[in-house]
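*Asks:* Sharing the feature lines straight out of Swiss-Prot:
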type: BINDING; residues: GLY12, SER13, GLY14, LYS15, SER16, THR17, ARG117, ARG153; note: ATP binding site
type: BINDING; residues: SER16; note: Mg(2+) binding site
type: BINDING; residues: ASP34, ARG58, GLY80, ARG136; note: substrate binding site
type: REGION; residues: 164-184; note: region 'Disordered'
type: COMPBIAS; residues: 169-184; note: compositional bias 'Low complexity'
Amino acid sequence: MAPKAVLVGLPGSGKSTIGRRLAKALGVSLLDTDAAIEQQAGRSIAEIFATDGEEEFRRIEEEVVRAALVDHDGVLSLGGGAVTSPGVRSALDGHTVVYLEISAAEGVRRTGGSNVRPLLAGPDRAEKFRALMSQRIPLYRRVSTIRVDTNRRNPGAVVRYIMSRLDDPTPNTSPSSTASGAAT
C-alpha cells in the first residue's frame, strides 16, 4: 500500500486545502501528518515545540511519516518542514510527491496571523518566511515528482492539474500557462 500522492510545500502553499480536494477527487481519504502527530502526542505542534524542542518534534514527525507511507493509500499531506529530515527525504523515494510552490508574498499573506506555525511566530514573519524558503525549496525540489505553482490559482485548477499529472507521471518542472489556465 502506498499513498496516491504526497503533498509537500511551505506553510500557506495549500497542502490542507488541496489535500482535501484532491482526496475527494480521487475518492480516497486524506491523512495530514501534522494532525496525526497531534493525535499521537496528545498535544498541539506548538506545545511540542515549546516543551520538547524542534529536534524531538522532527523525530516524532519522521516516525509518523514513515508509518503513513506504508499504511496510507490515499492522499498524504506532510508538514512544511518534514523534508528537512534526511530520513523523511529518503522515505519519500519512489513515491509520487507533489510540491505546491508559493511565493514569499503569497505565503505570508495566506498564513496571516496564524499562531499554529511555531517557526513563523512573532515579528518579522516575512523575513522568517523567506528564510524557510531558502532552506526548504531545494529540498522540496529534490523530493518532488510533480511541481505546481499555487500562486494566484484557485484550488480547483491546482487539483485538476495534479490529477492530469497523476494520469501522466512524466517528470515535470512546472505547469505552463496553457496547461494551468493561469499566467505564471
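In case you wondered, yes, glycine gets a Cβ from its N, Cα and C as well.
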*Asks:* Only counting partners 6 or more residues apart, tell me which same-chain residues put their Cβ under 8 Å from the Cβ of ARG58 (substrate binding site).
*Replies:* GLY81, THR84, SER85
*Asks:* Could you tell me the C-alpha distance between GLY14 (ATP binding site) and ARG136 (substrate binding site) in angstrom, no decimals?
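*Replies:* With the alpha carbons as reference points, the distance is 16 Å.
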*Asks:* Under DSSP, is SER16 (ATP binding site) part of a helix or a strand, or is it coil?
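*Replies:* Looking at the DSSP assignment, SER16 (ATP binding site) belongs to a helix.
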*Asks:* Report, in whole Å, the straight Cα-to-Cα distance of THR17 (ATP binding site) from GLY80 (substrate binding site).
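*Replies:* Spelling it out, the Cα of GLY80 (substrate binding site) and the Cα of THR17 (ATP binding site) are 14 Å apart.
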*Asks:* Would you mind reading off the Cα separation of ASP34 (substrate binding site) from SER16 (ATP binding site), to the nearest angstrom?
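*Replies:* Pair distance, Cα basis, whole Å: 10 Å.
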*Asks:* Sort the binding-site residues SER16, THR17, ARG153 by C-alpha distance from ARG136 (substrate binding site) and give me just the closest.
*Replies:* SER16
